[in-house]
Amino acid sequence: VIRAKVVGKKLMKDGPFGTMRYTVKQMKMYKGFQIMPHVQYIYTEASESLCGVKLEVNKYQYLITGRVYEGKVYTGLCNWYEKWDRLTLSQRKGLNHRYQMGCACKIRPCYYLPCFATSKNECIWTDMLSNFGHSGYQAKHYACIQRVEGYCSWYRGWAPPDKTIINATDP
């Protein structure tokens, strides 16, 4: 998980459709230090129809998430990427403080009702019910964090969360 500005791009001719390699200037890394302490390139499929993402060169800073495979960072439409200035204050605070409190939690998307958590370390993500996904209210304003005894729940607020309350702020 990084904040970066795209400073270049190059179409690589690997695979049948090609891969886009974005050169990035990493501003900050939020997660992944132990795997890759610095990111210089982000790879994605060249075609949006194959879940590739299009990032603009020298225009915006982006929040980019992805995965590391064989020493390279890959992202796609199923990963979270967003122009930095479009993130809400809650999302920015989450990146700096709150999201790390939920690393042991799993977020289970809910596509239709009823939805139930199947373990104590799950948060049910309901933004998918309204087709808003990453841009939905829950994603923009809440963080799934671990509470007392390993239970996970949604948290929204300005003060540090009270770990003794289990589900007081569920959306």
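The backbone N, Cα and C atoms fix where each Cβ goes, and this holds for glycine too.
Unlike curated entries, TrEMBL annotations are predicted automatically.
Record features (TrEMBL):
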DOMAIN    1-103  domain 'NTR'
DISULFID  Cys105-Cys152  disulfide bond
DISULFID  Cys110-Cys115  disulfide bond
DISULFID  Cys123-Cys144  disulfide bond
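Sequence features annotated in TrEMBL and their locations in the structure.
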residue: Cys105; record: disulfide bond; Cβ neighbours (10 Å): 23
residue: Cys110; record: disulfide bond; Cβ neighbours (10 Å): 15
residue: Cys115; record: disulfide bond; Cβ neighbours (10 Å): 14
residue: Cys123; record: disulfide bond; Cβ neighbours (10 Å): 24
residue: Cys144; record: disulfide bond; Cβ neighbours (10 Å): 23
residue: Cys152; record: disulfide bond; Cβ neighbours (10 Å): 24
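In terms of DSSP helix, strand and coil, the domain 'NTR' (1-103) has 20 helix, 40 strand, 43 coil. The two recorded residues, Cys105 (disulfide bond) and Cys144 (disulfide bond), show a Cα separation of 7 Å.
Restricting the average to the domain 'NTR' (1-103) gives a pLDDT of 89. The closest partner of Cys115 (disulfide bond) among the disulfide-bonded residues, by CA position, is Cys123; the full candidate set was Cys123, Cys144, Cys152. Within 10 Å of Cys152 (disulfide bond), counting C-alpha to C-alpha distances, fall the following of the disulfide-bonded residues Cys110, Cys123, Cys144: Cys123, Cys144.
When the alpha carbons of Cys110 (disulfide bond) and Cys123 (disulfide bond) are compared, the span between them is 10 angstrom.
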